[in-house]
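Enquirer: Sharing a structure, written as structure tokens. Questions coming.
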């Protein structure tokens, strides 16, 4: 912990000098084996992984012995995308290393995770059944549901092949057609006679453009009938919606318009959502009326969880042998400023509690209190942030590292005794740029702890230069109160606790108690002159401060102490002090 705090202090001071962070982009495939070497650093520089709270260092480990950056967790591009660990269009993970030597520069490695063809195109059903009238014209098309492939780019581009399942070696009366807009249809290419054959079976094969290609298939069963000869007609087969994430539950999002020229059940239209993406969540948000085709929101959106949805709506009539048509609805969620800024604050020293910081007086200007990383899950201006300090008597300042991290530092010297400052408060305010803006307020109290920087000082009004005139041929008995001195210390606690002592050579002739009262400890003879040095010392740590006071006692019948001279002398000698040393 001590080493980390030391490093954070050094790193913050060095890195705050607006040095540009080196950034290296590395392309790697997803699903690489664990312990794969992703990057090798310069063998002349020692690095360590450095976690700022905003990177992806948990996916790697660093071998400082040989400079290898090794894969520590599986890289599944599709999973990372679904968990919002990276963008689905460009999956990037940021790794941060720090030079473990001056100038402690931060090295950013950006891993571009390339998609590999690890997903098979899939249909939502293993088989599909259709009813078709025998009188449909050549060129008539049956809309088919497309296969989905979770891969990206060419790995997700799907082609189709239709295989006729019949003992006769021919192609049957259908072919597969891919529309310009991406739709899929089964097209009639020959006249159909129900009396000649009343059903057809095909295998529809979907294969992607990856290397190697992956494929899957579904069965198509077409039953030929001569009833209900009008199919549902859609006004639109593709609908695009832009919806605010704050749209209230119950809002009508869209309506599918369809018509059928038949009457009765053959002309009554039924709507249903047959498929959707993301497959794990779309059902939680959308419902469609089976009779009106109205699409309704049933659960609040969250832009930060999902930014878009795709629904496949199946429209068919209720007649026997009904034909289905399909409409695609793409729904894009518009971000609203519904997330407040968040802050990750790392204090260099331990806190007294969650909001109380203890710092020593005389802490140098520029001393780092904490590293702060900020984030906002909203996008655009809603996710851009500013920060500032309120209150604090200009004691706390900010030093910017980058757009989303900064340092809290000491901006002026603190003298607890002269400034009469024992505690202070400051508020860190972080606000986004949305309208209205959301604000995070972090309030802290600073307690100024005392340093032993003030020595005991004797009261200058003390007069301890005394003349004792004992009776002729008599001595002064011991344990007589002679005078009292008093010293004060501006520090607090043990730093301000004072003890008194008499320095040699008269430390055996006189004693002083805790109140500063001086007594003679032996009989004082006549015509004797005593120069006492009294020391006041505090109990501070790591060093104790002291000062001395000079007193003069004469037992001569003649006044040999010139008070005016002695007072001048005392003004030069008294209250001199050193650390644990005596004059």
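The backbone N, Cα and C atoms fix where each Cβ goes, and this holds for glycine too.
Annotations for this protein, taken from TrEMBL, read as follows:
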- 28-123: domain 'Cadherin' (DOMAIN)
- 124-250: domain 'Cadherin' (DOMAIN)
- 235-343: domain 'Cadherin' (DOMAIN)
- 357-458: domain 'Cadherin' (DOMAIN)
- 472-577: domain 'Cadherin' (DOMAIN)
- 1-16: signal peptide (SIGNAL)
Enquirer: According to DSSP, how is the domain 'Cadherin' (357-458) divided among helix, strand and coil residues?
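Expert: Tallied per class, the domain 'Cadherin' (357-458) gives 11 helix, 55 strand, 36 coil.
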Enquirer: What does DSSP give as the helix, strand and coil breakdown of the domain 'Cadherin' (235-343)?
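Expert: Helix, strand, coil within the domain 'Cadherin' (235-343): 7 helix, 52 strand, 50 coil.
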Enquirer: For the domain 'Cadherin' (28-123), what are the DSSP-based totals of helix, strand and coil residues?
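Expert: Tallied per class, the domain 'Cadherin' (28-123) gives 9 helix, 35 strand, 52 coil.
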Enquirer: If I take every residue in the domain 'Cadherin' (357-458) and average their pLDDT values, what number comes out?
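Expert: That stretch averages a pLDDT of 82.
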